[in-house]
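Visitor: Let me begin by handing over the structure; questions about it come next.
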């Protein structure tokens, strides 16, 4: 009886409101540009149907590892390379015997062995010598890869910041997004391996809530809240993305009160953590990722005055050093990190490179050191 109900639900035509909500969650309908018909996953194969009667079987979503998840069937688009006649099908999303990744070349979708998604009559197939064009239905012409999957790095839990493995299976059901299922506190979470019941690796998902009620520590003096991710190991850009996903940014330290608060919080923990300082190219100089002014001169002596070979350096707060200095490190290193959020502050993190005050230490010569920390650098002789 339940399986019958499930089939009916997957085949019912979706209302515009429901469809809009699903679009906002990253799902899309894939339409043949030439034939104006859309892919639907049936029980045995993939077929083209009228786009004007959308069902769950027509909805696709990019998930981790470049896979395409079908909402109606809870299966992933893939290739059975051992089937020489027609390898295309939908399979369990963690099947080790199938090739499940897909890439785009413009509006052409291709998988392993350069097999491209194509059409034979009403059936959707793969061919090597084909350049069939696909687009997201009801868009001006956006290709299937217009909005690729973005990794979601977890908080707390027992996965040490590992990204969500979407989809993951929990209680015999596949989830293509974070869920509150199984939690009395209704916090959304995900598994970091495809089978939660087997591995039980998980973490909470970032939330854009403006308040500091969940996963944040408030400080009245600085009128900000902080998130200390001391058991998570990420690169600087991954940590930056995790903070942004929560409506915050990597830590900026703007006055001595804030510096003392961070120092006290990390006093018993000898650790290096990412903060918002970055020097991503020679032209931009040192800056905070949230656009805050770079004002505390005495704590910047550990920052390199010349760019690394790849011109990418990022700032760390080193509580293991006696002076709790800010230091520089390759942005690709993996470290814990601290996020900061100021709920009543209307200033949001700007795109990197648009800060109000920048430290241009890289333009000082080998015998020169920075003298003032202002928009236009001033240097003096160190000898």
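Placed from the backbone N, Cα and C atoms, the Cβ positions cover glycine too.
Pulled the feature table from TrEMBL, pasting it below:
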DISULFID  164-190  disulfide bond
DISULFID  178-205  disulfide bond
DOMAIN    159-207  domain 'Fibronectin type-II'
DOMAIN    221-340  domain 'C-type lectin'
Visitor: Neighbour count, 10 Å Cβ-Cβ cut-off, for residue 178 (disulfide bond): what number do you get?
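Guide: A count of 21.
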Visitor: Please identify which of 164, 205 has the densest Cβ environment, defined as other Cβ atoms within 10 Å, among these disulfide-bonded residues.
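Guide: Within the set of disulfide-bonded residues, the most crowded position is 164.
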Visitor: Sorted by position, what residues of the same chain at least six away from residue 190 (disulfide bond) have a C-beta under 8 A from it?
Guide: 152, 154, 164, 165, 166, 168, 175, 177, 178, 179, 202, 203, 205
Visitor: How would DSSP class residue 190 (disulfide bond) in three states?
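Guide: Its secondary structure by DSSP: strand.
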